[in-house]
Amino acid sequence: MVWLALLMVIVVRRGEGQVVQNFYGSTCPNVEQIVRQAVQNKLSQTFITIPATLRLFFHDCFVEGCDASVMISSPSGDAEKDAQDNLSLAGDGFDTVVKAKQAVEAACPGKVSCADILALAARDVVVLAGGPNFNVELGRRDGLVSKASRVDGNLPSPNFDLNALTSIFAKNGLSQTDMIALSGAHTIGASHCNRFADRLFSSSGADSSLNRAYAEQLKQACPRNVDPNVVVQLDPTTPNTFDNVYYQNLIDGKGLFKSDEILFTSSASKSTVVEFANDGGEFNAAFVAAMRKLGRVGVKTGRAGEIRRDCSAFN
């Protein structure tokens, strides 16, 4: 009877948001190639495709789980994408998923969720930027809820300390090592000046953990009362390449956000930063493991979700 009870537990757990590789093997066997081609087409228009799509995946999974709820557009402006923390999400990330969905629908109508397309696109942009390739588990359904009110407090802030960062990732089943590895996504992308201005201009001067020469460069790029549209690269060394230089920058005091630099200045995380800085292979392996775990957060299957015809609207 014990084995029967154990079997029942396993069956129940498999029904709770399981994702698997090759989920569309019989219903849309070419889905990965179709999405990859759409991402490449979008990248040929603008490099912003890469950081925008990766960030979109992260913001989606941390609110309601990986269910493409961040894609929903609300006529009343109260969907996830309308929340303050999501207003800086670049339109190119959304457009990448929309274009990929259109291409997939042309080949396999009504078979592939927007959530799975976003997960595939996030992997593809990492690879296209020179990062590691990895298999993406699939089988997500698109969520049925998207509310701006559910975003606040569920995304990390540029000013978080190590405890706050570790806690918000742990809430999603991710370890501190996962958090440090996923922070490595800041090896590409850019930020508006107002997200880190407090590190440059305070009554006591620039943040002491900032490299002095780097702080001066940032002040020139982002002076007081700068145009709010001005952006600065997150990685000042290799901004368009997915690599481990982000961690080398942290050791040099060139972490743009407080939440970046704190990974090196905190004793509990410093050794991991040094390890990733010294060994790109270690970082790649940790990043892949963390991305696969992230992709399982809050997954909906069966009647808990749907396969949207249009990623921006519920069916």
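Using N, Cα and C of the backbone, Cβ positions are placed for all residues, glycine too.
A TrEMBL annotation is a machine prediction, not a hand-curated record.
According to TrEMBL, the feature active site, proton acceptor maps to His59. Around the Cβ of His59 (active site, proton acceptor), 22 further Cβ atoms fall within 10 Å across all displayed protein chains.
Taking a C-beta cut-off of under 8 angstroms and a sequence separation of 6 or more, His186 (heme b binding site) has the following same-chain neighbours: Leu234, Asp235, Tyr246, Leu256, Phe257, Asp260. The heme b binding site feature in TrEMBL is assigned to His186.
The Ca(2+) 2 binding site annotation in TrEMBL covers Thr187, Asp235, Thr238, Asp243. Long-range neighbours of Thr187 (Ca(2+) 2 binding site) (same chain, six or more residues apart, CB within less than 8 Å of its CB): Leu234, Asp235, Thr238, Thr241, Phe242, Asp243, Asn244, Val245, Tyr246.
As annotated by TrEMBL, signal peptide applies to 1-17.
Summarising the annotation, TrEMBL assigns site 'Transition state stabilizer' to Arg55.
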Other same-chain residues whose Cβ falls within 8 Å of the Cβ centroid of Thr187, Asp235, Thr238, Asp243, the recorded Ca(2+) 2 site, in sequence order: Ile188, Thr237, Pro239, Asn240, Thr241, Phe242, Asn244, Val245, Tyr246, Asn249
Neighbourhood of Arg55 (site 'Transition state stabilizer') by C-beta distance under 8 A, where only residues 6 or more apart in the same chain count: Leu89, Ala90, Gly93, Ala185, Gly189
Other CB atoms, at most 10 A from the CB of Asp243 (Ca(2+) 2 binding site): 19
